[in-house]
Amino acid sequence: MTIIAVANILVLFTIAFMLWRSENSSIRKAFWPAFVFKLLCGIALGLLYQYYYTVGDTFSYYEDGVKLSSMARDNVGSYVEFLWKGNREYPIWHELNFQRPRALYMSKVTSIFCLLGGDNYWIVSLHLSFLAFLSAWYLVKQIVKLHTSIVVPAILAFLFLPSAVFWCSGLIKESLAMATLYFLAAIFLRIFQKEKVSIIQWLTIPLALWILWNLKYYYLAVLLPVAATTLLMKLVILPRIAMKRWYIAVLTWSIIFIAPLYIASQVHPNFYPERFLHVIVENYQMLSRLSSPEDQIEYTDLQPEASSILYHSPNALLSGLFRPFVWEAHTASQWLVALENLVLLVLTIAALTRFKRLIHAQNRLLVFTTIVYIALLCIFLSLSTPNFGTLSRYKVGFQSFFFLLIACNNPIIDRLKLFIQRLH
């Protein structure tokens with residue numbers, strides 16, 4: 001191990017130690033286990049692609065990152081210019097594995113960490129895992145302020161849920177994308193709870209939006225309209241108009257939602273109303289052809305029509321949340337995912353026994369917001385990404401939020417907490 005690698009590891013652990021030492025919240029005990037688990041997941045992801053999948057975008061990003069970092073050492077001016085423009089006019093363009101905008105953007109980001117880590121893949125992986133961990137930790141700190149009963153569900157959802165933590169660790173787009181998404185979700189909660197947002201946080205918001213837009217614009221296209229509608233309800237509508245019936249609040253929210261949803265439909269060509277349904281069907285057909293019948297969700301006669309999309313949406317929602325089922329798994333990785341899905345299904349059934357508590361919960365506006373976000377993103381991803389393997393990776397955008405939703409006031413989780421307390 002080189003001196004640069006050792007120095008990077010020492011810096012990461014020093015920062016982590018300083019954060020832990022300054023932490024005085026109720027989740028402090030979870031810091032080191034969650035931190036180590038996150039870094040190990042990033043390393044495990046690299047090993048998985050190196051020895052099991054043999055091919056994957058993680059090492060392609062790394063190769064491009066190394067090429068760009070070498071360019072920086074030779075001519076920093078050209079490197080900075082390429083980071084900003086990055087078109088085929090530059091000789092290095094034809095040497096890169098990725099030329100498509102989102103993948104190229106990730107390669108550029110990777111090159112920055114290659115410069116910091118001496119072109120060491122594993123150090124780059126640790127850096128990205130660390131960023132994702134910091135953001136998840138910050139979000140959990142905001143969530144637990146809502147109520148003491150939510151501490152354990154929040155910790156499990158964002159710091160220890162296996163597939164969700166694994167697929168946003170290491171050198172992949174989801175690591176950086178979820179780091180920004182969790183940060184934005186945390187800022188949303190601060191504004192919702194009428195807490196002060198610091199100048200540094202306000203300045204970081206545009207950067208986070210820019211990064212998430214370049215990596216996973218469809219995450220942002222769901223998050224922003226939902227969050228904006230809820231903040232309008234919380235800060236503008238509800239203080240002026242009393243809504244004693246929950247269904248009146250839901251109806252009002254839905255009407256307000258039309259405006260930000262329309263704005264979101266205009267910010268990317270794939271979301272234009274006349275194009276959106278065709279994009280979903282085209283992606284489905286392309287990935288369906290590349291996938292084995294037993295490894296995908298089937299939507300019979302899916303058409304780019306609103307009626308067809310609505311007809312298949314229930315199947316997409318249930319499949320996105322709970323499939324592959326145990327009996328559909330036939331590889332080691334699918335078995336792991338299927339077992340986790342089985343746990344989620346059992347927890348969901350248990351949570352439904354206390355559904356009335358959700359309706360009358362103190363933060364029912366947040367509960368409704370979370371449900372809408374999960375449902376919209378899950379249906380969109382499941383329809384356009386039918387392959388179980390790919391979907392397991394993409395669904396990190398909503399999976400932790402879903403676990404949080406079903407784990408709060410869940411009788412199984414409550415009994416588990418009681419059992420642990422008795423052991424102590």
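Don't overthink the numbers, they just go from 1 along the chain as shown.
Even glycines carry a Cβ here, placed using N, Cα and C.
Remember, TrEMBL labels are computer predictions, not curated facts.
According to TrEMBL:
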type     : residues : note
TRANSMEM : 6-23     : transmembrane segment
TRANSMEM : 30-52    : transmembrane segment
TRANSMEM : 151-169  : transmembrane segment
TRANSMEM : 175-192  : transmembrane segment
TRANSMEM : 219-239  : transmembrane segment
TRANSMEM : 246-264  : transmembrane segment
TRANSMEM : 332-353  : transmembrane segment
TRANSMEM : 365-384  : transmembrane segment
TRANSMEM : 396-413  : transmembrane segment
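Two recorded stretches are said to be in contact when at least 3 C-beta pairs lie under 8 angstroms, sequence spacing 6 or more; the transmembrane segment (219-239) and the transmembrane segment (6-23) fall short of this definition. Pairs of Cβ atoms less than 8 Å apart link the transmembrane segment (332-353) most often to 151-169, out of 151-169, 175-192, 246-264, 365-384. Only pairs six or more apart in sequence are counted, and the transmembrane segment (396-413) with the transmembrane segment (151-169) gives three or more Cβ pairs under 8 Å, enough to call it a contact.
The stretch with the most CB contacts under 8 Å to the transmembrane segment (151-169), chosen from 6-23, 30-52, 175-192, is 30-52. Counting only same-chain residues 6+ beyond the ends of the transmembrane segment (246-264), those with a CB under 8 A from a CB of the stretch are 221-222, 224-226, 228-230, 232-233, 237-238, 271, 359-360, 364-365, 368, 372. Using a Cβ-Cβ cut-off under 8 Å and counting only residues 6 or more beyond its ends in the same chain, the transmembrane segment (175-192) has close neighbours at 42, 106, 109, 128-129, 131-132, 134-136, 138-139, 141-143, 145-146, 158, 168-169, 201, 204-205, 208-209, 211-212, 215-216, 219-220, 223, 227, 230-231, 234-235, 366, 396-397.
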